[in-house]
Amino acid sequence: MPRRRKLVLGEEGTTAFLLGNEAIARGAIEYGIGVAAAYPGTPSSEIIETLADVAKEIGLYVEWSINEKTAFELAYAAAMSGVPSLTAMKHVGLNVASDPLMTSGYTGVKAGFIIVTADDPYMHSSQNEQDNRWYGLHAYLPVLEPCNPQEAKDLTYLGLEYSEKFEHPVILRSVTRVSHARGLVKLGAIRGPRKVGSFPREPAKWAVIPAHARKMKINLLEKWRRIEESFADFPYNRVEGENSTLLIVASGIGYSYAKDALKVLGLKAKILKIATPVPLPRKLIEKAVDEAKKILVVEETDPVVEMQLKSILFDLHINVEVHGSDYLGKRGELTIDRVAEAIAKTAGFSWSPPKPIEVNVYIPPRKPVLCPGCPHRATFYALIMAARELGVDPIYSGDIGCYSLGIDPPFNAQDVITNMGGSIGLANGFAQTVKDRPVVAIIGDSTFFHAGIPPFINAVYNKAPMLVLVLDNETTAMTGFQPHPGTGLTAVGEKSKRIYMEEIAKAVGVDYVEVFDPYNTQNAIEVIKNGLRVAMNGGVAFLVARRACSLLASRLGLLKNKYTIDSSLCAGCLVCVNTLGCPAIVVGEDNKPYILESLCTGCGVCAQICPFNAIIKKE
């Protein structure tokens, strides 16, 4: 994107209007990272997209890795060899990378290594609401937390600087309202990237066998002490306001909410702004609480700062009233009103937000739906029809992706969804314990490469009967059309070896492997019926429903002729409406369906299922 490139590579001293994630990328560019790797996941994806846009221009290596663990290890090794690096992921991605994460503090690094976790309070696009600051405490890795896009840039730079200074990885914890907010960001100087490293043989430092790890733990704890002491003077930690008996301790975006809430209340209070929630700097706390009688901790989501603060106050024998999660709760995003109510309650008076203006307008409720022409809709239809024709009621083990929407009517074809790759992993268990229903694992193409291969091989090895149905739309659609190994393209748009998942299935000796076009409805039904029969007879079937995402096809100019409904042939049976749920097909006042030309993509599935042949191509 020329616009993004121009913004992110702006001159020193200028101001750019940047997304929080773009600001993080700019901070890494200013520091001079040489390597960046990630797996896409909202709300983190734009970090690597931004770096990929400018990679060739500035000489930076950027990749979309197969999963977060691989991305972490790649960036970790770069930092081991003296090349500053960044890895980025959404909060649940850090679970996938947690194995090397937990070791990285033991070995340390030779160059700056920043681990960006973009948490998702309120779960806008996630399966849980975990607060990854806990990982900092668990792994002895310092955590920085910006409150706005400007700090997102600055703390990325400082995180890399501190990482290099202490030879220790640093976590940058963003949240949705920082990553996806836009703000004015003053740009600093750009260093040239450090791209070439070296790795002298030093197994006592890098190989964490037990004999080495015991010594490493001693060094780790000493380094942790020095990092905590240094955070007392961290430039983005500060005390604001006049001396007051009320102290607000605000971390990350909590600071922004607290400042606005005080304006709403017309109240003055002392604020301790925290940009280093882990480890919480003891000396700074001791200095800030000198006159406080009541303290309110404002943070999103879990009481990470609150817990450390109470521990520090206990050790210092300071008896003061502390509130936080008891007033603000432990779920969802903060709001100005929530924080204002908590401040008022702590200060000893009541306050309620003004009632919103009621608008007497009826808006019909509508759940998220698959896009018009989405090949997944065609696959779900074929799957439901295949099961119906065989007279079986499968267990549908679902996964994370656009196809998660198959949980809703008219398909109701996702019985359980937990985590990336969980469809096949859980199917292994259902196949061994539920004997009266066939098991279907429904997984996407990118998700299969990310976390589906190990449980798939496990199913073949341990003879777990199931149908693995891969919905291959030839992109990582839900997070913004990023490439993956099945696309044959890299993060910077270069051609690479295209890896076909059906060849992986054949290589491990699967009983039945087929690739089909979901837009060919009758053939799709027959192929899925064959796969179900294999699973019902104790085997493993592997099917790939391959057709490009309709949005991607639209971008590439691949859409076909649109369809229309001949009202003279239409009987108003509504089969097309009730069995497909396509947003392009709506019901008119005469209770007959018609097709919205502006939404139709020409997939033709509706025409194939119409019992009266009333849906025809529009000339």
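Cβ coordinates are placed from backbone N, Cα and C, and glycine is handled just like the others.
TrEMBL annotations:
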| type | residues | note |
| --- | --- | --- |
| DOMAIN | 561-590 | domain '4Fe-4S ferredoxin-type' |
| BINDING | Cys570, Cys573, Cys576, Cys610 | [4Fe-4S] cluster 1 binding site |
| BINDING | Cys582, Cys600, Cys603, Cys606 | [4Fe-4S] cluster 2 binding site |
| DOMAIN | 591-619 | domain '4Fe-4S ferredoxin-type' |
Densest Cβ neighbourhood among Cys573, Cys576, Cys603, Cys610 (binding-site residues), 10 Å radius: Cys603
Extra residues within 8 Å (Cβ to Cβ centroid of Cys570, Cys573, Cys576, Cys610), [4Fe-4S] cluster 1: Ile565, Ala571, Gly572, Leu574, Val575, Pro593, Cys606, Pro611, Phe612, Ala614, Ile615
DSSP-derived class (H/G/I helix, E/B strand, else coil) of Cys603 ([4Fe-4S] cluster 2 binding site): coil
Among Cys582, Cys600, Cys603, Cys606, which are recorded as binding-site residues, the nearest neighbour of Cys573 ([4Fe-4S] cluster 1 binding site) by Cα: Cys606
Distance, Cys576 ([4Fe-4S] cluster 1 binding site) to Cys582 ([4Fe-4S] cluster 2 binding site) (CA atoms, angstrom): 8
DSSP residue counts for the domain '4Fe-4S ferredoxin-type' (561-590), split into helix, strand and coil: 6 helix, 6 strand, 18 coil
Cα-Cα distance linking Cys570 ([4Fe-4S] cluster 1 binding site) and Cys603 ([4Fe-4S] cluster 2 binding site), given in Å to the nearest integer: 19
Within the predicted model, mean pLDDT of the domain '4Fe-4S ferredoxin-type' (561-590): 94
Sparsest-packed among the binding-site residues, when each Cβ's other Cβ atoms within 10 Å are tallied, from Cys570, Cys582, Cys600, Cys606: Cys570
CB-centroid shell, 8 A cutoff, [4Fe-4S] cluster 2 site Cys582, Cys600, Cys603, Cys606, site residues removed: Pro372, Gly373, Tyr563, Leu580, Ala584, Ile585, Ile595, Thr601, Gly602, Gly604, Val605
Distance from Cys600 ([4Fe-4S] cluster 2 binding site) back to Cys610 ([4Fe-4S] cluster 1 binding site), taken between C-alpha atoms, in Å: 16
Pairwise CA distance, Cys606 ([4Fe-4S] cluster 2 binding site) versus Cys576 ([4Fe-4S] cluster 1 binding site), rounded so that it is a whole Å: 6
